[in-house]
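Taken verbatim from TrEMBL:
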ACT_SITE  Ser118  active site, phosphoserine intermediate
BINDING   Asp68, His179, Thr181, Glu354  Mg(2+) binding site
BINDING   Asp68, Asp359, His363, Asp400, His401, His476  Zn(2+) binding site
SIGNAL    1-17  signal peptide
Amino acid sequence: MSTWCCIVIMISTISTGVLLPMPQNKEKKETYDRHYWYSQAEHTLQKRLQYAPEKNPIAKNIILVVGDGMSLTTSTAARILKGQRIGQFGEDTDLAWDTFPAVALAKTYNIDAQTGESSACATALLCGVKAHYETLGLDAGGKFNNCASAINSKVTSLIDWAHSAGKSSGIVTTARVTHATPAALYAHAPSRYWEDDSRVSPTVRRECKDIALQLVENEPGRSINVIMGGGRRHFLPTVTLDPENPKREGRRLDGRNLAEDWVREKRKRLLRAQYITSKEQLHKIDPRNIDYLLGLFEYSHLNFNVDRGTVINSEDETGTSSTKKIDDPSLADMTRTALSIIKKNEKGFFLFIEGGKIDHAHHYNNPYRALDETLELETALLAALERVNIAETLIVVTADHGHVMTFGGQRTPRGHPILGADVEVSDIDGLRYTTLLYGNGPGHSEPRSLPVNVTNSFSSPDALHESAVPKQWATHGGEDVPIYALGPMATILFTGVVEQSYIPHAIAYAACLAHQSRRCLITNYTEPKIKSQSCTSSEISSFSAEETSSERTRSRSLVVASSVMSDERINQSSGRYHTMSCHFVYYITLFCINWFSNIMSNG
């Protein structure tokens, strides 16, 4: 009797162990460090590669086009304005990127901010990790204005990855070259505002170089072939007058002229380099004789496209006014010259093109200039498309964040001026309203008022549109931003809704850069199909989240246990517990059978 009781108890114990769920580890709080974002990007990448063909093309060249603040609403309104400028309705007009075969959406939040800020968004977009508000080129360890936090938080960027593959590189922007978005490609700073040493505390200037100094002295900045935009003030010392604005001085306190230092350093290395400050000098460039070009065309940002060729009154920090003719090169001019230089490299190139003034116009609640700058960005893209082979060039167009401009109306007819007012009046106060409105910013008035001749008034380049909430400057928008892609692997990699930090990893995969270079080690490399089996160890594929060897940081591998996962956060423990349970049942059952057989054989 005791024997049978023992058998029943053991079987009950086994059954309980099989039927009850195994204890789960309590979910740990995510650290959101670089390894977290690398792993998440790898997982997102693998989900898309399930649908890739056996033979995947490789992108020799990369062109990343960023409209700073170019929300989906901005792109839509610019499309209509483009058509209306040539006498069409506009709604059915296409921008260049509207014809790209791949479209996706990117989430633009920062680690500590619901609505994205430019430098943190740029870090995600260009370095592949999300960052804290107003930090630059750092992972979650970097804290705003804290130099010590930046020492071990530096992350590499697409330009680092391109250089490691022997490619040439270029940056062209209508903003300062040290501004938040382009600076994420080469600088690491706990504050986006440390563009020169005057903004950095004297006690930490040795440990944390300013952004302009990093561009000239550090890698990858000193190896970038073409750098064009604005921002001379951050390269010139306080005792040096600006070449185009003789009443303005540089801002550097260390006494260095970094533009001259840049040329001197290149020539010391026997490199063919030139520094220019005007459109005339740009047009005289012979790409056959130049391999490195630094073009700083304005004291601060470049001027708006609509203002080029005009004479304006300017005022310096002391309040002294002067007149000057705006004669900056266009973004398309800079793009053509940049490509003529970096295309000489047989290993390919990476080119970053930024329409930085879209954002500035939106902060003013000035849609005319915002849409015009968007069309200028399209012109630069068209100039690039004319000069590259799409079969070997991946082109990605996106934005770092959105803005609070909205577009709507009641019974507005086709072809109605996009910068005009709706044909209907408000059913509350009886006043008309523009179809383009802002959620906050300048342009607010109480009681609300609009000029009588709305269409002509709001087609002026200087017109401000209404805002619901009064602020000195309009804020960014927190919505997803579009991604448009054309070229090798574009339709595979850029689909659905993704984290903004995924974008550079997808680009790296298409071009076999840095931690994604393994794809090119095997001809026609295709990731293995992933399956799961019951009661056996899951078939796994391990992918390193390691950054480039120069960074030499520890890596964390991503283990994908199933080819179908609905959540981007991977539960790596459940498969292990299931396997242990199966093994436990097997061995206990075998023991019971042997034990029971011995009892029966002994009588």
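Just so it is clear, glycine is given a Cβ too, placed from its N, Cα and C backbone atoms.
Taking the features listed in TrEMBL, we show where each one sits on the structure.
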residue : record                                  : Cβ within 10 Å
Asp68   : Mg(2+) binding site                     : 28
Ser118  : active site, phosphoserine intermediate : 23
His179  : Mg(2+) binding site                     : 27
Thr181  : Mg(2+) binding site                     : 28
Glu354  : Mg(2+) binding site                     : 27
Asp359  : Zn(2+) binding site                     : 27
His363  : Zn(2+) binding site                     : 20
Asp400  : Zn(2+) binding site                     : 31
His401  : Zn(2+) binding site                     : 29
His476  : Zn(2+) binding site                     : 22
Quick one: Cα separation, Asp400 (Zn(2+) binding site) versus Asp68 (Mg(2+) binding site), in Å?
6
Measuring Cα to Cα, tell me the gap between His476 (Zn(2+) binding site) and the residue listed as 'active site, phosphoserine intermediate' in whole angstrom.
9
Select the closest residue to Asp359 (Zn(2+) binding site) from the following recorded positions, measuring between CA atoms: Asp68, Ser118, Thr181.
Asp68
Cα distance, His363 (Zn(2+) binding site) to Glu354 (Mg(2+) binding site), nearest Å?
17
Listed binding-site residues among Asp68, Thr181, His363, His401 whose Cα sits within 10 Å of Ser118 (active site, phosphoserine intermediate):
Asp68, Thr181, His401
His363 (Zn(2+) binding site): which of the binding-site residues Asp68, His179, Thr181 is the nearest Cα neighbour?
Asp68
For the recorded Mg(2+) site, whose residues are Asp68, His179, Thr181, Glu354, find every other residue on that chain with a C-beta no more than 8 angstroms from the centre of their C-beta atoms, and list them by sequence position.
Val66, Ser118, Ala122, Thr173, Ala175, Ala180, Pro182, Gly355, Gly356, Asp359, Asp400
